[in-house]
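Lifted from TrEMBL, the feature list:
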- Cys272: active site (ACT_SITE)
- Arg86, Tyr220, Gly221, Gly222, Ser270, Asn384, Ala385, Arg386: substrate binding site (BINDING)
- Met271, Cys272, Gly273, Lys274, Thr275, Ser276, Arg386, Arg418: GTP binding site (BINDING)
- 29-239: domain 'Phosphoenolpyruvate carboxykinase GTP-utilising N-terminal' (DOMAIN)
- 244-605: domain 'Phosphoenolpyruvate carboxykinase C-terminal P-loop' (DOMAIN)
Amino acid sequence: MNAIEKLEKLLDREQFEKIKALNNPELHEFLAEWIEWLEPDKVFVCTDSPEDEAYVKWKALYYGEEKMLETPNHTVHYDNYYDQARDKANTKLLVPGGKAIPFLNTKDRDEGLREIRELMKGVMKGKELFVCFFVLGPRNSVFTIPAVQLTDSAYVAHSEFILYRKGYEEFKRLGRNARFFRFVHSEGELDDRKTSKNLDKRRIYIDLLDETVYSVNTQYGGNTIGLKKLAFRLTIQRAVREGWLSEHMFLMRVNGPDGRKTYFTGAYPSMCGKTSTAMISWENIVGDDLSFIVPVNGVARGANVEKGVFGIIQGVNPEDDPIIWEILHSPVEIIFSNVLVKDGKPYWNEMGVPIPDEGENHSGKWWRGKKDAEGNEIPPSHKNARFTVSLEHFPNVDMEALENPCGVEVGGMIFGGRDKDTWPPVREAFNWRHGIVTMGAALESETTAATLGKEGVRAFNPMAILDFMSVPLGEYLRNYLDFEKKLRKAPKIFAVNYFLRDENGNWLNHKLDKGVWLKWMELRVHGDVGAIETPIGYIPKYADLARLFEEVLDKEYTREEYEKQFTIRVPELLAKIERIETIYREKVGEVPEELFQVLEDERKRLLEARERYGDYISPFALEGE
Ligand SMILES: Nc1nc2c(ncn2[C@@H]2O[C@H](COP(=O)(O)OP(=O)(O)O)[C@@H](O)[C@H]2O)c(=O)[nH]1
Ligand SMILES: C=C(OP(=O)(O)O)C(=O)O
Ligand SMILES: [Mn+2]
């Protein structure tokens, strides 16, 4: 029996017709094999019709994976108490022979496939399987990658309808030419709260050879939403092979003087400010998490891979995040996950308004003071609780940029992480190489609640992408360094640090200060302001920041604040170079030689500056030159 005959037997007439209309034998083969293997009771195939999307939404409620909230179109979903973040340990890249690659979690492909197939055999008995088609990037463009998702979670399928562009018609158009990604997900057995039960058998296996990702016994979006962090491993591999960039970056428009529009991408690790930055209310959002950057006629052009936001809700408050706040309180389609619910209303930590003392949350029935099995007090919402919403509802979305099949010209690229004591709030690289090496490849950040495990540990995280890296780091960096050669004018590279602290652990900056750094970077892209040359790049002059603080935030910015924040911390910077160099020399292997040269040059500049000015160098001392 060939694949299409098999499918005719496995699917009811209506569903079968939808599949038959897609002229792609490879797709048919894949579907026949997996539907047979997963043994669902029922299969639903989603086309791009609003009815099919509505069906999935209704099924998420019907099967109890989501519950309605008071506001129309709002629902809440819970993940298991121990399934609240990405599971790095059980996320593995399947490579032939299980070849060890530094910093990557690999596993022998045959063994991995055997294991995951075993875990998935008949896993959908008694369940409904949803077959969904989406695309990454704008449709019918240089960025487009079609993808098919198989899942028994209507919540996962629903999330994808919010986050991705529909792709059934694109599959139809492309026919057998579709080079598509595949995602197979099962939440596995559920408990009475409809959360995944067999967490000890939670696995996320990425088959780089077949561009297929398998995910089982988990529901948390970062582990399950195929087109998000799972596809990301596959797009990085494609990008490095094909000479473009697939990055963990937001994409936003910063509005310059006289209506000038400048687009920036920014790479920060999970929970380090991508969404908050892209959502600055007076600028315009294009994307908040994943960007493709492709060289087109010598110009770096960027596009959002997605069309929605799976954002962290903790800390969203009416003062700092007026737009998200407004959206979260309007009747547009939103999935809240792992928040506190009381009388049909969602609540979350640090929301700036009083929170009830009891209700339901990710731990089940909750009351203030409730402790978990480990004796830890359970907060109202999980730190990694999220909202899922489509960008079309954002008053500040740049729709033209989001939908443009040619993407937008990238003027600047920003790198940043959680760093309490080393980098200044903002600086500009001397050139592409300097930025890619000392800001991107040298990025370190403290671990957060976006992944399971200990928080607050400083960790090497080049380009904020290490969790998703799928090729040897050296190859990835080679591609990055070479990218410049494909461009007539490379984007400027910047680094930011929103997380500096003083001796007592207090933040040195307010959450909205980033709005000022963005305006400064916009001016720098066009050469509109001067800067102070330091051993680690260009930093802003006090006078320019004082003026921008006034204009942007209507705030006074004192010389003392500036000096404290922009002091060049030579011992910390030297120690960092030491750490980074050691990692690349001793642990990574096959690193482009120029990386060491660039680090060495930076070290020399720092040592010379220390000779003249001492360990902690005031920016005013350098400006005087
Ligand atoms: N202290 C401080 N916290 C911030 C700042 N920006 C964002 N955050 C917090 O960092 C967390 C994650 O931010 P988010 O933008 O969602 O990160 P993403 O995962 O990179 O998109 C949230 O809890 C924010 O409240 C900032 O400038 N300063
Ligand atoms: C979905 C995620 O993205 P981020 O925290 O980068 O927004 C994640 O890391 O699980
Ligand atoms: Mn985010």
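Yeah, the Cβs are placed from backbone N, Cα and C, and that goes for glycine too.
Curation does not apply to TrEMBL; its annotations are automatic.
The shown structure was predicted, so the numbers you read here are calculated from the model rather than taken from an experiment.
Same-chain neighbours of the substrate site beyond Arg86, Tyr220, Gly221, Gly222, Ser270, Asn384, Ala385, Arg386, judged by a C-beta within 8 angstroms of the site's C-beta center, are, in sequence order, Gln84, Ala85, Phe310, Ile312, Ser337, Ala450. The Cβ of Asn384 (substrate binding site) has 25 neighbouring Cβ atoms from other residues within 10 Å, across all protein chains displayed.
Proximity of Gly222 (substrate binding site) to non-local residues of its own chain (separation of 6 or more, Cβ distance below 8 Å) is seen for Ala85, Arg86, Lys228, Lys229, Ser270, Ala450, given in sequence order. Overall, the recorded substrate-binding residues Arg86, Tyr220, Gly221, Gly222, Ser270, Asn384, Ala385, Arg386 cover a maximum inter-Cα distance of 14 Å.
Secondary structure at Asn384 (substrate binding site), as computed by DSSP, is coil. Model confidence over the domain 'Phosphoenolpyruvate carboxykinase C-terminal P-loop' (244-605) stands at 97, taken as the mean pLDDT rounded to a whole number.
The two recorded residues, Asn384 (substrate binding site) and Arg418 (GTP binding site), have Cα atoms 16 Å apart. Within 10 Å of the C-beta atom of Arg386 (substrate binding site) sit 28 other C-beta atoms, taking all shown protein chains into account. In this structure the residues listed as binding GTP are Met271, Cys272, Gly273, Lys274, Thr275, Ser276, Arg386, Arg418; their two most distant Cα atoms lie 20 Å apart. The two recorded residues, Gly273 (GTP binding site) and Tyr220 (substrate binding site), show a Cα separation of 20 Å. Cα-Cα distances to Cys272 (active site) place Arg418 within 10 Å, out of the binding-site residues Tyr220, Gly221, Ala385, Arg386, Arg418. Look at the Cβ of each of the binding-site residues Arg86, Lys274 and count the other Cβ atoms within 10 Å; the largest number goes with Lys274.
Annotated pair Ala385 (substrate binding site) and Met271 (GTP binding site), C-alpha to C-alpha distance, rounded: 11 Å. For ligand 3, the neighbouring binding-site residues among Lys274, Thr275, Ala385, Arg418 are Lys274, Thr275, by Cβ distance under 6 Å. Rounded to a whole value, the Cα-Cα separation of Tyr220 (substrate binding site) and Thr275 (GTP binding site) is 18 Å. For ligand 1, the nearby recorded positions are Cys272; that is, of Gly221, Gly222, Cys272, Arg386, these have a C-beta under 6 Å from one of its atoms.
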